[in-house]
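Structure first, then comments.
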Amino acid sequence: MKDTIVAQATPIGRGGVGILRISGPLAQEVAKEVLGKELKPRLANYLPFKDQDGTVLDQGIALFFKAPNSFTGEDVLELQGHGGQVILDILLKRILTIKGIRIARAGEFSEQAFLNDKLDLAQAEAIADLIDATSEQAARSALKSLQGEFSNKINQLVDSVIYLRTYVEAAIDFPDEEIDFLADGKIEGHLNDIIRQLNGVRKEAKQGAILREGMKVVIAGRPNAGKSSLLNALAGREAAIVTNIAGTTRDVLREHIHIDGMPLHIIDTAGLREASDEVEKIGIQRAWDEIEQADHVLLMIDSTEQTAEAFKTEWADFLAKLPQNIPVTVIRNKVDLSGEAEGLQELDGFTLIRLSAQTKVGVDLLREHLKKSMGYQSSTEGGFLARRRHLQALETAAEHLERGHIQLTQFFAGELLAEELRMVQNALSEITGQFTSDDLLGNIFSSFCIGK
């Protein structure tokens, strides 16, 4: 017989209500032993919870959900009693005296829901993300993922890939006409539509991953431009040593902050210049390592040393070396000394913010700009939440689509195109759990709460 599992569904500690959840074929047996009666599905019962000798341990609401009409898809019993931890522990101990009942693993209720097709893997992950959300925007986005918005987009992509794959494989079955099929433009048109569709989902997923995991913001610039002062201003504390000596920061400094609940990882780096000191050279190389992995770069410029219009010329080598997909915000610091007014403007394709890290004038403008860059919205609108593994799967799918496009347009190789489309389908299906290893499932659900 399949295991019946039990766990506390409410947080450990003192509260108004405490809930124990039981799922599995023995759920009704628990009701008979602890409550003294079988329960009708979906009907709330106010009953005493009894020990083996009939002693009343607590009293409260009991709810029974008959399979498959429950969260896990199994028979489920919920006992809602008083929220004292001692009471809940006594009741849990009582339930575990019943043969065939064991404590649930972390995330096992959600895992059973996934295995019983009550929700897919992306939706299951969204449960944990909703619980862990640190902002209203992240919570709303996690809820959209739980309701299937992300999964629906993936399923639409998979359906499009299957349709095209079927069309291509049908052409392969008629070798005399295969070239005509592959060259008539219809397959390439469908393939281009899938590529555009996938790129749109990738863009949304990247924004969703930033909402969940935080945006990595690297502060870069020349020595003494005020990078460490800006880190301190954003952190709201003296996280970095600040002096007038150029090159004070020689290693990477990291600070984790929240802006209206939105997580950011702020990284202060060594000043970029030609250095003769070996230690400083190492610091500069580490700075570049961080820059190349950034989600956003803040380029600090001393407003007392050059005009705003000159930055593209002065920083041409830096901009050329920077990966093209990383957004850059130019920060003109020390406006308290240069006499410039605080403000934000668009200049030559870059956002430029004038501020003083020392006096904190204009720092709020930067905070609002970073929130916007992360996808913050004060309304109820917004996208779904995503994880890094989702981004990796989407990236893998995009790579196979690109290879498939080459096989089609350059070689008219139907069999190789069909194989690339199969790989695309597998990569996308990993997101929803249609093709997923047991090891991956274990890693995902082990990060959940006990009782979920």
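Glycine is no exception: its Cβ is also placed from the backbone N, Cα and C atoms.
Bear in mind that the values here come from a model prediction, so they are computed numbers and not experimental data.
In the three-state DSSP scheme, Lys118 ((6S)-5-formyl-5,6,7,8-tetrahydrofolate binding site) is classed as coil. When other Cβ atoms within 10 Å of the Cβ of Lys118 ((6S)-5-formyl-5,6,7,8-tetrahydrofolate binding site) are tallied across all protein chains shown, the result is 18. Taken from Swiss-Prot, the feature (6S)-5-formyl-5,6,7,8-tetrahydrofolate binding site covers Arg21, Glu78, Lys118, Lys452.
Positions annotated as domain 'TrmE-type G' by Swiss-Prot: 214-375.
Annotation source Swiss-Prot lists GTP binding site at 224-229, 243-249, 268-271.
As annotated by Swiss-Prot, K(+) binding site applies to Asn224, Thr243, Ile245, Thr248. Secondary structure from DSSP puts Asn224 (GTP binding site) in coil.
Look at Swiss-Prot and you will find Ser228, Thr249 tagged as Mg(2+) binding site, backed by sequence analysis. If you draw a 10 Å sphere around the CB of Ser228 (Mg(2+) binding site), it holds 24 other CB atoms from the protein chains shown.
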Subset of binding-site residues (Arg21, Glu78, Lys118, Lys452) lying within 10 A of Ala270 (GTP binding site), CA to CA, in sequence order: none
Alpha-carbon distance [Lys452 ((6S)-5-formyl-5,6,7,8-tetrahydrofolate binding site); Lys227 (GTP binding site)] in Å: 43
Surrounding CB atoms that lie within 10 Å of the CB of Lys452 ((6S)-5-formyl-5,6,7,8-tetrahydrofolate binding site), all protein chains: 21
